[in-house]
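Now, the feature entries from TrEMBL:
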type: DOMAIN; residues: 16-291; note: domain 'Deacetylase sirtuin-type'
type: ACT_SITE; residues: H140; note: active site, proton acceptor
type: BINDING; residues: C148, C151, C199, C202; note: Zn(2+) binding site
Amino acid sequence: SASRTSPNLAFVPTCLPPDPTEVEKLQHFVSNSKRLFVITGAGISTESGIPDYRSEGIGLYARTDRRPMQHAEFIRSASARQRYWARNFVGWPQFSSFQPNTAHLVLRDWEKLGKLHWLVTQNVDALHTKAGSQRLTELHGCTHRVFCLACGDQILRSELQEQFEALNPAWKAEAFGVAPDGDVFLTDEQVCNFQVPACCKCGGILKPDVTFFGDTVCREKVNFVHQRLAESDSMLVAGSSMQVYSGYRFALAARDKQLPIAILNIGPTRLDHFASLKLNARCGELLPLIV
């Protein structure tokens, strides 16, 4: 069973404890499911200490005017890549050390029990993998992997960290706050002397194996997830407002198949008007109550 971990609530919106009738409704929903399809978002990882973008009052958009890296900007601008990798270099030791919380462990246990048919996460933090989930698709990739845009060679992000350290032995920067996806706040002055390595195989541009904003998820992955959804009999959305279309499309497909849909998320979501069940609670507080 899932071990109890103390949640980090610094980036979790306040909400009431789960209502017993809500627990009963979700229990009924899960019990009636034989092949449950689960899709998770940033709201499942906030209890591990990772901030999200959209939470009211405390998400990155509410706290700052910072916006995430855009795909087109990363591809065309060497200075944008330098800025991205400098911030990522500083943030990586902390970001890579985040651990799964109770909600991740519960979903892993559901998989082991044969209840969870497939898990799709929109997160790039590897916490479901760390928890031990195997029937898993990382829809937007994972920050723990890096690849070359020219030759496709893949390396671990931890290997790249060693290359950064070798190239920048005297470079120091103090981070100003942590942001989603391993980013931190740095000034332009701090970034300007940071050296970024090229691909060891071909000299090409290195990019994290994640789908940046403005990019699209590859067709093969989308088709694969649609196939897993077609095999499922119900959908649970955990910790996502589903504002991003790459995930929302699967909820639309579930609606078209007339699958029952349950949502567990603090705050409104894009699916509220057609979900069978909407619960406003912390994932790590409610999911462990379901048998």
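Placement of Cβ uses the backbone N, Cα and C atoms for every residue, glycine included.
Sequence-distant neighbours of H140 (active site, proton acceptor) (same chain, six or more apart, CB under 8 Å from its CB) are Q122, N123, V124, V210, T211, V217, S246, listed in sequence order.
A Cβ within 8 Å of the Cβ centre of C148, C151, C199, C202, the residues given for Zn(2+), is found for these other residues of the same chain: L149, A150, G152, D153, A198, C200, K201, G203, G204, L206. Over the domain 'Deacetylase sirtuin-type' (16-291) the predicted model carries a mean pLDDT of 91. Taking the Cβ of C199 (Zn(2+) binding site) as reference, residues of its chain lying under 8 Å away and at least six apart in sequence are, in sequence order, C148, A150, C151, D153, I205, L206. For the binding-site residues C148, C151, C202, the largest tally of other C-beta atoms within 10 A is found at C148.
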